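As structure tokens, the structure follows; a few thoughts come after it.
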Amino acid sequence: MATFKDTCYYYKRINKLNHAVLKLGVIDTWRPSPLTKYKGWCLDCCQHTDLTYCRGCTMYHDCQWCSQYGRCFLDSEPHLLRMRTFKNEVTKNDLMNLIDMYDTLFPINQRIVDKFMNSTRQHKCRNECITQWYNHLLMPITLQSLSVELDGDVYYVFGYYDSMSEINQTPFSFTNLIDMYDKLLLDNINFNRMSFLPVALQQEYALRYFSKSRFISEKRKCVSDLHFSANVIENLHNPSFKIQITRNCSDLSSDWNGVCKLVKDVSAYFNVLKTSHIEFYSISTRCRVFTQHKLKIASKHIKPNYVTSNHKTSATEVHNCKWCSINNSYTVWNDFRVKKIYDNIFNFLRALVKSNANVGHCSSQEKIYEYIKDVLDVCDDEKWKIAVTEIFNCLEPVELNNVKYALFNHEVNWDVINLLVQSVDKAPQILTLNDIVIIMKSIIYEWFDIRYMRNTPMTTFTVDKLRRLCTGVKTVDYDSGISDVE
């Protein structure tokens, strides 16, 4: 069993404060929740297990036991997970407050050790100091944390996480903040705690302490669509879909890193708990992570042969053509915005190809096809620009005064004409590479303007931000019939 979980189970009994704070799902009545194949550490009980998604942020960081309480590290209620979560600039004083909280909730002194030793020895054959019987006394105080960056804000969730080498499929990475504190001072705190333990347990305590306090921090991970609930991902192709989340809230102070100090004043802590309540939010899916997911799915179904075809219909409306017909049964095409982008991009590219190459039918095999598969995913800017550059080179542009030009004299639809006028101020006869980049980005930005999107969804906002946005009715997306430009 996880050390942190064991420790909470036993220390929960020592006083009223601990009974309120150390309440974990894994040590209460089990309520089943959907299991997934995502492996990682539950932020609530610190055990490595199969995770389910959090109802507060939709990321995978809860185990099936702890999910019954719906706690999130972004809550504004002073539960243990929130008090262990620090944000952005963490000072030495903040870490000192964290250590004080650990020492308050998980004290090790002669009275506590005797209490646990006596209760354990009441059972037969338990006169030896075997690790598994005293796991709750072997949790050292460390500055080990799991950290994640969410649109410029870095969150550190402190705890005692066993088996650091296990598979981690979450966006959280191990970070050691001992260098921001004082190694010798932390050593002294733990040696004092260790001195109350029987000699047989001291070595195990020391090994655990040094293994969790001297490790090298991992490189921070990038948050992707894989880290969010499958229920959300499955509904992304519905333009009117909103994510429903719940947050545990209370009247907390604005000092994010100072919440852990509440345990030093028991009456103040319980007064704050009296204001606890749940808030519900309906959140837009509009963000770069989810937009890229949709564009990547659409990219898998691209039929590049359309750019050399003579079809009179738009790219998504071609039927009974072996080379150009897309399968409209895929859910990605349920989002009319993706269809609109696909139609306009391919209408523009076909005009470019027809203006510069002598290709008469979509059955022909052209080199340009291999680069067209990446024209939708504008979120991967470097890869996208390489693809557009290669497409431009395939047009065999003419060079004048060190600038290459491609002809543009083939008909396009009215949507593309309007975007041409908006982006390059006219309906041109010739285009440079830069013009083509601007036009193609304008076609995509009309519906998904990633320049003004946050990277992760608003489900990763703090409660304060959600409240401010909710006041202005900005937590929901634009009306499904209006583009980003409008």
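Numbers here mean position along the shown chain, with the first residue as 1.
Placement of Cβ uses the backbone N, Cα and C atoms for every residue, glycine included.
Going by Swiss-Prot, these are the annotated features:
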- 1-81: region 'RNA-binding' (REGION)
- 42-79: region 'Zinc-binding domain' (REGION)
- 82-176: region 'Important for cytoskeleton localization' (REGION)
- 317-486: region 'Interaction with host IRF3' (REGION)
- 479-483: motif 'IKBKB-like degron (ILD) motif' (MOTIF)
- 480-483: motif 'pLxIS motif' (MOTIF)
Contacting positions for the region 'Zinc-binding domain' (42-79) when only residues 6+ beyond its ends and CB under 8 Å are counted: 1-5, 8, 21, 23-26, 28, 30-36, 85, 146, 155, 157, 159-163, 166, 169-172, 227-232, 243, 245-250, 252, 259, 262, 269, 272-273, 276, 278, 457, 459-464
Could you give the number of helix, strand and coil residues in the region 'Important for cytoskeleton localization' (82-176) as assigned by DSSP? 34 helix, 20 strand, 41 coil
Give the residue counts of the region 'RNA-binding' (1-81) per reduced DSSP state, in the order helix, strand, coil. 24 helix, 15 strand, 42 coil
Restricting to the motif 'pLxIS motif' (480-483), what is the model's mean pLDDT? 46
